[in-house]
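If you look up Swiss-Prot, you'll see Cys150, Cys155, Cys161, Ser396 marked as [4Fe-4S] cluster 1 binding site, on the strength of similarity to another entry. The [4Fe-4S] cluster 2 binding site annotation in Swiss-Prot covers Cys181, Cys185, Cys188. Residues or ranges marked as compositional bias 'Polar residues' by Swiss-Prot: 51-67. Residues or ranges marked as domain 'Radical SAM core' by Swiss-Prot: 164-385. Here Swiss-Prot flags 51-75 as region 'Disordered'. Swiss-Prot lists 1-18 with the feature transit peptide.
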Amino acid sequence: MYRRSVGVLFVGRNTRWISSTIRCGTSATRPIRSNALNTDSDNASVRVPVGNSTEVENATSQLTGTSGKRRKGNRKRITEFKDALNLGPSFADFVSGKASKMILDPLEKARQNTEEAKKLPRWLKVPIPKGTNYHKLKGDVKELGLSTVCEEARCPNIGECWGGKDKSKATATIMLLGDTCTRGCRFCSVKTNRTPSKPDPMEPENTAEAIKRWGLGYVVLTTVDRDDLVDGGANHLAETVRKIKQKAPNTLVETLSGDFRGDLKMVDIMAQCGLDVYAHNLETVESLTPHVRDRRATYRQSLSVLERAKATVPSLITKTSIMLGLGETDEQITQTLKDLRNIQCDVVTFGQYMRPTKRHMKVVEYVKPEKFDYWKERALEMGFLYCASGPLVRSSYKAGEAFIENVLKKRNMK
């Protein structure tokens, strides 16, 4: 029985493909015939031992005059090809079904032993998003041409936030100023470009219309960083808040915005536009900031943004979020919490960093739920108004927003 057919192409005068069929598991020789070689006979043949690639090369070089350098290169390729065939599954493996279990890629075994290839811990697994409210929100977002950070950032909580039975308890985080950021933080999956498209002038109106349709009790507006705009998009975001308050006056509005390159006048515009919660994320501890965030975003600059918002409108709830699993230490997290309390930040959230793609920075550690509980207790002990802490918690997390909503409603009743 024959199972392999090998073709050899000789370069020279009057050349054609010369083929030989090789019997598996034997050292027998078979003739290689050609009708195109410049030999004394039209039916010239050379007997070549199949199992020895060196003898194959020597025999063929006599017919073609192949140079020593070319012979060496051909010999190496034939040897590599032969080795690859020998390492691969045999016909018997295919018949028995063992072939599917064999590792053909030599790098695959190495990948299987890396931390990234291991299965996620059970506490990081979530159900597939579904439900009437989920599909309703998803349809409206598409119809009105809006972007949501829930989708763009691949948030694991989208099913929980969008799919609640009570529509007034559902939460959506709408991303304004387009879906392309001018910065390139190493943890973020949002698209980046130095010159994104111009902001949609109808976006504030369309966003307000969507919020009115959904009847949400709480909405989060976030933006990509727009360093290409003079005001960083502050006026566009502020106008959106005002439109929402006009069309859905009972909806509480949180904005999660950037640092506006440290321009505190833009922070003033945002703080005074009528929003209820001013959020800006530190993302990580000070020592890791240069490695995690874009070089234009600094730890101290972010603290100054939160501090200025609180100073401008003291009744505002200020909020930030920190990712765990990036290699931070307990001492560094404690110092970060102290820095936040020194500027009177009200709310902090802790969540597990999860690598969006292989192009992003690796996860250093999957932090256990018990550790998240510990940081929640520490934050409350230090005087934070609220702390949402858990592996799947994100800055705009439904449970945290429900608490803030109740706090704000009580304030309004007074």
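Just so it is clear, glycine is given a Cβ too, placed from its N, Cα and C backbone atoms.
Feature map: annotations from Swiss-Prot on the structure.
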residue	record	Cβ neighbours (10 Å)
Cys181	[4Fe-4S] cluster 2 binding site	23
Cys185	[4Fe-4S] cluster 2 binding site	19
Cys188	[4Fe-4S] cluster 2 binding site	21
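Under the three-state DSSP scheme, Cys185 ([4Fe-4S] cluster 2 binding site) falls in the coil class.
Listed in chain order, the residues near the [4Fe-4S] cluster 2 site other than Cys181, Cys185, Cys188 are Arg183, Gly184, Phe187, Ser189, Val190, Thr192, Val224, Asp225, Asp294, each with its Cβ within 8 Å of the site Cβ centroid.
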